[in-house]
Every structure is written in C-alpha cells, then in structure tokens.
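Here's the structure we're looking at; comments come further down.
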C-alpha cells in the first residue's frame, strides 16, 4: 500500500503543477508519450523490470519514483512492526506528510492546499488535546517565520510543518525530529557537496519514521 501511494503522489507531483489530469489520463512516457502497460506501473517491480528505461523509446527514467516507492513501502512495514499500522490517526498523518515530502523533493515548495489539508485533519483528529501545545506552537511559528524571512533558509511550508508537529506531538519530540532532519541533510551534503539546496520535508519524513525509537514518552 505504501509503495502504491508513493507512486500516486509522485504522479501528482509531476502533473499537478502543470495543470494536467491525474485521474482519467493514463500514465505515459514523458519522452515518447506512449501509454504504459499495466505491468509497467507496478510499484518498484515495474521500474526494475525495465531497468529504469522506457520499453518503447529506451528513455532513461529518473529513479525518484523508485526511491519513494521503496520509502513508502518500508514506511508501512515499519509502522506495522511498531504497532502503528492500525492507529488510524498516525497512519493518515504519516501518509499526508509523505505526500508533502514527495512534492517538496521535486519542486522545493509545497502547495498550500496540502498544508491546509494536513492542518485541518490534525485539528479534527486531536481536537482539544492540542490546547496544551497551542501557545508554544504559535511562538514557534512566529520565531521561525522571522528567521525564515531574515535568513531565507526555511521555506514557509517547513515553518508550518514544524509548528504543526509541535502542536500535535509536543516540544521534545519536535526538537528531536528537527535535530535528526538537519543531521540527515548534513550527511547528504557531505556526500554531495556540489548540491547546495536541499528540500526540508523529505528528511523530516525520514526522521518521523524514527519517532518510535526516540527517548521520549
């Protein structure tokens, strides 16, 4: 399920900014525009079966979708092993952040509609339990917005996501997530020094998977 969702979110990230249909238009090669066969669309296996190339024009297919399908599939397996799979609240939020991560990885920004959707769902699912963290979350949002404006580092989506995380899971857990996120970005930078711009949310999503292992209550 995770790999399938990741594949669909990758399709959304590819087509939505261009205003292309994602429901009724079949998947096709971006180079030769040939419609793909159903077996080409099987998450992970379709890419591996074709060795990362279009079967019709031999055009090289970027591995982004394969990577995210692996991550999506692993996420579900990991949540199942940690007994989170049947926690509807956690599962839904995890899926929505996966969507944000894939979009951010491709475009270095996130559609505000997705963030608003996540915010509304968190409010509906956690409701009154969020009151405890409301003031810290607002302060966090104000401070990070100011820092973002002055440093041009974090994007608006990053600020909103961190503030929303603080609202939902508290200061300690959010601090751990931010520390791990920046650690993952630093590791990536050390491995690829030529890359100077990194999307925040994909690394935040990976950090989120470590939440059950963190030394927090």
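Here the Cβ of each residue, glycine as well, is placed from N, Cα and C on the backbone.
The domain 'Prepilin peptidase A24 N-terminal' annotation in TrEMBL covers 1-80. DSSP states for the domain 'Prepilin peptidase A24 N-terminal' (1-80), grouped as helix (H, G, I), strand (E, B) and coil, give 42 helix, 4 strand, 34 coil.
Residues or ranges marked as transmembrane segment in TrEMBL: 88-106 (among others).
Taking Cβ pairs closer than 8 Å, the transmembrane segment (118-149) reaches residues 89, 92-93, 96-97, 100, 155-156, 158-164, 166-168, 170-171, 174 in its own chain, all 6 or more past its ends. The transmembrane segment feature in TrEMBL is assigned to 118-149 (among others).
If you look up TrEMBL, you'll see 161-191 (among others) marked as transmembrane segment.
Annotation comment: TrEMBL describes 198-216 (among others) as transmembrane segment.
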Tertiary contacts of the transmembrane segment (198-216), as residues 6+ beyond its ends and Cβ separation under 8 Å:
71, 74-75, 78, 82, 84, 94, 97-98, 100-102, 104-105, 108, 110, 154-155, 157-158, 161-162, 169, 172-173, 176-178, 180-182, 184-185, 188-189
Across the domain 'Prepilin peptidase A24 N-terminal' (1-80), average pLDDT on the 0 to 100 scale:
86
